[in-house]
There are 2 protein chains.
Amino acid sequence: MAPALEAQVQQEEQSLPHNNNFYNTLNDATHRSKVTVIGSGNWGSVASKLIASNTLRLPSFHDEVRMWVYEETLPSGEKLTDVINRTNVRELYSFHFFVELRDSNMLVFVTPHQFVEGICKRLVGKIREDAEAISLVKGMEVKMEGPCMISTLISQQLGINCSVLMGANIANEIAVEKFSEATVGYRNNREVAERWVQLFYTPYFIVTAAQDVEGVELCGTLKNVVAIAAGFVDGLEMGNNTKAAIMRLGLREMKAFSKLLFPSVKDSTFFESCGVADLITTCLGGRNRKVAEAYARNGGKRSFDELEAEMLQGQKLQGVSTASEVYEVLSHRGWLELFPLFSTVHEICSGLLPPSAIVEYSEKLPRSF
Amino acid sequence: MAPALEAQVQQEEQSLPHNNNFYNTLNDATHRSKVTVIGSGNWGSVASKLIASNTLRLPSFHDEVRMWVYEETLPSGEKLTDVINRTNVRELYSFHFFVELRDSNMLVFVTPHQFVEGICKRLVGKIREDAEAISLVKGMEVKMEGPCMISTLISQQLGINCSVLMGANIANEIAVEKFSEATVGYRNNREVAERWVQLFYTPYFIVTAAQDVEGVELCGTLKNVVAIAAGFVDGLEMGNNTKAAIMRLGLREMKAFSKLLFPSVKDSTFFESCGVADLITTCLGGRNRKVAEAYARNGGKRSFDELEAEMLQGQKLQGVSTASEVYEVLSHRGWLELFPLFSTVHEICSGLLPPSAIVEYSEKLPRSF
């Protein structure tokens with residue numbers, strides 16, 4: 001099911017039921033924002049649906065949402081683009097598979113993180129200079145010299161500004177319009193942030209903006225390390241008290257780590273959906289938590305690799321690799337002692353400590369005084 | 001099982017195995033702090049055990065911990081004091097049931113909240129002027145003119161300073177030494193806070209201090225309103241995404257409400273155990289969540305009174321009455337629109353809205369801009 005890096009060109013357009021004729025007469029079509037979604041997948045499709053419901057409704061956006069997808073063959077043998085064309089999402093708005101991005105001024109990135117760099121390389125010189133990007137991509141890498149933010153990668157490769165959208169938003173639940181939230185992290189321009197909020201906001205998907213790109217994006221990655229810790233607590237059957245304590249300590253380390261790396265990161269960001277809410281969702285459900293629970297139940301005798309292979313059909317756990325990457329940063333900078341939870345998660349995952357070490361903090365935690 | 005307001009006088013003392021003989025020789029016994037625990041119950045007994053493990057170990061405390069209890073007859077027909085005397089907690093330290101508090105300088109209040117005022121009236125003139133109190137009592141009342149803090153009540157009635165200890169600490173889990181945390185909220189004196197931290201801190205019970213009595217104490221009460229909301233989400237089977245969003249919105253309203261009432265309340269308090277961790281524990285387990293779930297499953301057709309009677313053997317839900325009290329404050333001050341979650345919880349509990357209203361925020365939530 002590995003996606004081929006191949007954009008699909010289908011120059012079809014179809015007339016859609018419009019419900020904004022009134023507004024159309026008030027707005028010059030040439031000034032309306034035009035959106036292209038880059039990527040597909042579960043989250044990409046759901047995000048496209050959210051976006052399209054707003055572009056059809058709001059006069060400041062061009063109705064049509066374009067989608068730039070990887071072609072992939074699904075387990076059923078069908079091609080992704082065929083499925084998209086057949087599903088009811090299709091009815092909502094005009095899908096437009098294409099490689100020409102020059103008329104889009106809002107680019108929504110929602111691909112697997114390992115493809116971002118390659119895609120950006122293909123897009124260089126093909127986009128508008130005044131385009132704004134937003135990354136919905138979770139899973140930035142944390143290298144020894146610091147995190148490699150996806151928003152920074154997009155910004156640097158394409159020479160455009162890039163915001164992020166993160167939060168407690170499981171694609172399948174949003175697809176059936178269950179109430180949830182997200183946070184737009186933006187850098188400087190409040191108007192740009194407002195435009196992104198408008199594009200995604202629906203009555204069941206509440207979007208707020210925080211002027212803190214790095215903080216918002218780091219939340220989306222670091223929470224997976226905490227989810228591993230929460231999974232250990234579940235596997236050890238320590239109860240909700242302990243789990244809540246571990247989640248809180250995790251949130252504290254997420255905040256401290258982000259602020260050490262980027263002094264501009266704000267405390268308030270961790271109260272947003274991208275912070276505390278996404279952490280809760282991920283520590284209640286989610287595959288990181290699930291596999292870590294199995295690891296602890298087996299007393300660490302079966303490796304993460306083995307459990308992943310068995311439970312995730314070849315997918316790798318984000319949390320385990322992020323914990324390892326964060327550990328590298330902490331060692332490199334001499335910060336290990338400041339982050340007992342993060343470092344313990346890695347030491348458990350790599351077999352140096354037993355799962356029960358996750359609650360053995362008596363000598364590691366800083367006292368309040 | 002209603003406890004009679006009757007202090008039990010048992011002037012028995014027993015010699016205990018001491019493990020601090022070394023320290024005893026170093027410290028003048030007259031300068032050591034002497035602790036009395038006022039109250040019993042599950043949490044009182046567990047707290048006494050925590051405390052006693054530290055008074056025996058630390059030279060700055062008098063070994064003996066005294067306990068001032070309500071006598072009550074348990075469902076088994078036994079008297080509470082007989083049970084305490086029989087249990088293994090007894091072995092840990094010297095229980096001392098008494099009415100004389102004049103030599104105690106650290107008073108730990110851990111009674112049901114409705115008895116605090118009556119107890120304080122009995123203690124007036126019987127305590128040391130330099131005594132310090134700490135309240136572990138959850139469930140302050142919120143009156144129309146504002147919350148009636150238990151710490152303030154104790155302070156005013158007895159003319160002594162009162163700190164608070166709150167957090168994600170379910171007595172039964174702490175009793176079996178599962179890892180958890182708590183927050184000491186103190187007013188001005190850092191040394192006093194440190195003494196309380198020392199008294200409670202164990203390797204499995206991590207205590208930190210926050211200079212914010214009101215913030216810490218309000219967390220302990222307001223979280224129950226959010227737990228009702230979380231229970232509705234569970235009953236409606238909305239999934240973890242939605243539950244996380246509701247918990248976050250609840251945390252936000254807890255913070256906003258506390259800060260409007262007490263401008264001294266700090267944002268950082270809500271990152272402490274008393275804030276986010278206690279909220280998580282209460283929204284995952286807890287009876288408020290449980291009964292609210294049943295209410296939503298029944299589509300609001302069976303009243304809270306009925307469900308409480310059936311599920312809680314005569315106990316009343318804190319969250320429902322707190323929601324009603326908070327609603328009074330919000331109406332009285334014209335703040336209803338600022339607190340859509342708090343007000344909706346009350347409107348659902350009182351039958352004005354269906355349970356599904358808990359996620360119908362589209363028109364109520366303030367947009368980010």
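Start at 1 and count along the chain as shown; that gives each residue its number.
Using N, Cα and C of the backbone, Cβ positions are placed for all residues, glycine too.
Note: TrEMBL annotation is automatic and uncurated.
When the candidates A:ARG248, A:ARG252, A:ARG287 are compared with the NAD(+) site entry in TrEMBL, which names A:GLY39, A:SER40, A:GLY41, A:ASN42, A:TRP43, A:GLY44, A:PHE115, A:ALA171, A:LYS316, A:GLN318, the shared residue is A:ARG287. Once the Cα atoms of A:LYS138, A:ARG287, A:ASN288, the listed binders of substrate, are compared pairwise, the greatest separation found is 14 Å.
Proximity of A:GLY41 (NAD(+) binding site) to non-local residues of its own chain (separation of 6 or more, Cβ distance below 8 Å) is seen for A:VAL110, A:THR111, A:PRO112, given in sequence order. As a whole-number mean, the pLDDT of the domain 'Glycerol-3-phosphate dehydrogenase NAD-dependent C-terminal' (A:212-359) in this prediction is 94. Spatially close to A:TRP43 (NAD(+) binding site) yet at least six residues away along the chain are A:VAL110, A:LEU136, A:ASN169, A:ALA171, judged by Cβ distances under 8 angstroms. Distance from the CA of A:LYS138 (substrate binding site) to the CA of A:PHE115 (NAD(+) binding site) is 12 Å. Taking Cα separation as the measure, A:ASN288 (substrate binding site) is nearest to A:GLN318 of the recorded positions A:GLY39, A:LYS223, A:GLN318.
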